[in-house]
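Trainee: I grabbed these lines from TrEMBL:
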- A:57-75: transmembrane segment (TRANSMEM)
- A:95-119: transmembrane segment (TRANSMEM)
- A:131-161: transmembrane segment (TRANSMEM)
- A:Thr210: FMN phosphoryl threonine (MOD_RES)
- A:240-266: transmembrane segment (TRANSMEM)
- A:278-297: transmembrane segment (TRANSMEM)
- A:303-321: transmembrane segment (TRANSMEM)
- A:333-351: transmembrane segment (TRANSMEM)
- A:357-377: transmembrane segment (TRANSMEM)
Amino acid sequence: MKALRKFLDKKKPLFQKGGKFAKLQSSFEAFETFLYVPNTTSHTGTHIKDAIDLKRTMSVVVLALIPALLFGIYNTGYQHFLSLGQSAEFMDICIYGLIKILPIIVVSYVVGLGIEFAFAQMRGHQVNEGFLVSGMLIPLIMPVGAPLWMVAVSTAFAVVIGKEVFGGTGMNIWNPALVARAFFFFAYPSKMSGDVVWIAEKADSFSGATPLAHAATLVDATGEAATSIYTQHLSNAWDMFVGFIPGSIGETSTIAILIGAVILIASGIGSWKIMASVFVGGYTMGAIFNLVGANAYMELIPAWQHLIMGGFAFGAVFMATDPVSAAQTARGKIIYGFLIGFLAVLIRVMNAGFPEAMMLAILLMNTFAPLIDHYVVQGNIKRRLKRVKVNA
Amino acid sequence: MSEVKKIKKGLDIKLIGKADKVLEKADRSETFAIKPTDFPGLTPKLKVKVDAEVKAGSALFFDKYRPEINFTSPVSGKVVAVNRGERRKILEVIIQADNELQYEEFKQANPADLSRDEVKEQLLQSGLWAFLRQRPYDVIANPADAPKAIHISAFDSAPLAADFDYLVEGEAEAFQMGLDALTKLTDGKVHLNINAQKTQSKVFTEAKNVVINKFAGVHPAGNVGVQIHKLDPINKGDIVWVIRPQEILFIGRLFQKGIYDVSRKIALTGSEVKNPSYYNTILGASVRNILKAQLKDDDKIRVISGNVLTGTQIPEDGFLGFYDSQITVIPEGDNYEFLGWALPGLQKFSMSKTFFSWLTPNKEYRLDANLHGEHRAFVMTGEYDKVLPMDVLPQQLIKSIMVEDIDQMEQLGIYEVAPEDLALCEFVCTSKINVQDLVRQGIDLMIKEMS
């Protein structure tokens, strides 16, 4: 490793001010700091620092996403062969899934990081680590049938409009990965909804609808029709929990997502407050609907089932917890999370046009997170003022 | 006895190199220095020139805007140098010490019999006034004020901190006399805040004329700012003074013996010290003789006057800081680490559990001064809250300082914090933000705008 270090030290002056490639300084630094934690020491303030940095933080999040990714790869192959009515070996299933999914991941990273590097270069900034996570999140919330060029355009939109126009990592107001998905959803609706997109190269005769799509049909169904939809498509909660259902690549398996949640919470990176309150919020709204029971959707889907359908769990664990776009105060996080869960189920049930409401709920609450924080901060200020009055 | 206030938010950083309670001998330092840079916001005016003869307690310089506050020589001898930095800012006034110390004479008296003005006068003249610091702002107290209370923290919870019990051992009388002097300075109470589990010394537990409060828990439980917040938080307009136990001994000795005797025990600590232990020395002494035979010399090292969170880096022949009773020596750590962010990290300390060192919670670490990462914008949230046991929103406060919003700073509690209270926030920060510097900038701005 010494040789590599020497090589870097030798090349470094070329990339610094006055060097031949001074314009590429950000890129050089990005690679250098990727290979080596820099030798900078503290000059003011605390002499020792916690070993954690943004690279570590982001890599832990990526690690937490791995179970969902692996399951997504398997499920892609599984759903494909299921729709064709063929049986396949485990390895064939995995290889098929890998062939479908790897290109999406590569496109997401290449496009996203390319733009990040370009912006860093233009501004003379360092390249931030934020996209390491976004670049993994974007493929996981795409339908497996998404054309690669659409993934590329969505990613580019997310990085430029979702993040860089605000000033880069740490400054954005919406979760960039969700911006990508929202762009995709509204720009190419035919590729993001309907029954065709969720299973790769499925047989035409096979219904590829997601449980959410089936559930949405419950709204207009009554009596026996409703019961039959439910028993046929929605009664197998175990499959939904394990993840053998059609859906976006990474969102189907609640188990895999929960493994990720455990990693995030145990390492202290993800906020358990947000995760827990999202689930509580979703359950509360579901329970209210159960009580109201105005249509078959409200009546037949138990509150807990909302939590394992569609992107609810994935959104709660990986999307809502993005520290930059979430509420920042401890109390704010609980309110923010609760409203996400609450609104997600509300939109899902009340508006058949948006069966996947988690995305919209999170983006909406991202928008309101600063407002929630504002009131929490005002609360702190009021307590301080009150103290003066009590004393006076 | 009052109830124990338990500090739950915070972090004890366990480091290698805690000082044994043994008093080691080292040759007395030949040179001493008083550094105006130890006093935030001070504009010093010199009273002596190079080559002047001074006694222990003779004024070296004074505060330009409050000329009654003197800063005096810790020993007798000759002023050998006045080192200046950029724009002729005075950095150090260096004194070559005599073999036999000569002392300026001050009045010997029992402070209990003196009036407030007499006590004040004596402290100002002798130079001991500089030890009284005020909150808000964490600067030297203004003699014209009458503080709401005086707070003393009788323990230090910082990493490798000196044991205050040991520092005041055998000086009960001087300590009590110092406390008596302090009670003269306030209409309110003098609070002595002890550690419910660790404070054993009768010097503290049997102190008279003070209110004894008990604290327990993790660092920053020993920070006087945190204690004030728990007991009687500072509101706008309040003024509270703080002072540390060793400095009360100086005051006690001044009234007892009529001399400026600022000899103090200090702890030599840190992973790069051969035998961490205590030393007798005098305020402002050069650390050279103490460090001489004690440094492990396998790595590049960093010598810190104070603790690893709030101390100041000094050269190996540098001088003890005015308020410090601890020297810490750690590795510099200015080396590259191959894929350091990806390694399991059994030797790395982190509040988060992202490194596998969390499997060994009681391990003592050898930490260096490496940043372990690069400066970034705020990304993580809630980290600071975990280590600040105050009803203050640290991240919001820091942001208001960054944008210099005075009203917001005031509303969010800038009066209640000192840089040292947020030192742990800086330690745990994923984005490596210089929190303490920012707090000091915010305070400076407040002082400028409010006066």
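Glycine too: its Cβ is placed from the backbone N, Cα and C atoms.
Note: TrEMBL annotation is automatic and uncurated.
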Trainee: Are the transmembrane segment (A:57-75) and the transmembrane segment (A:240-266) close enough to be called in contact, which here means at least 3 C-beta pairs under 8 A that are separated by 6 or more residues?
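Mentor: Yes, since the transmembrane segment (A:57-75) and the transmembrane segment (A:240-266) share at least 3 Cβ pairs closer than 8 Å, they count as touching.
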Trainee: Where among A:131-161, A:240-266, A:357-377 do we find the most Cβ pairs under 8 Å to the transmembrane segment (A:303-321)?
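Mentor: Most contacts with the transmembrane segment (A:303-321): A:240-266.
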Trainee: Near the Cβ of A:Thr210 (FMN phosphoryl threonine), how many other Cβ atoms are there if near means within 10 Å?
Mentor: 27
Trainee: What does DSSP say about the residue listed as 'FMN phosphoryl threonine': helix, strand or coil?
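Mentor: DSSP assigns the residue listed as 'FMN phosphoryl threonine' to coil.
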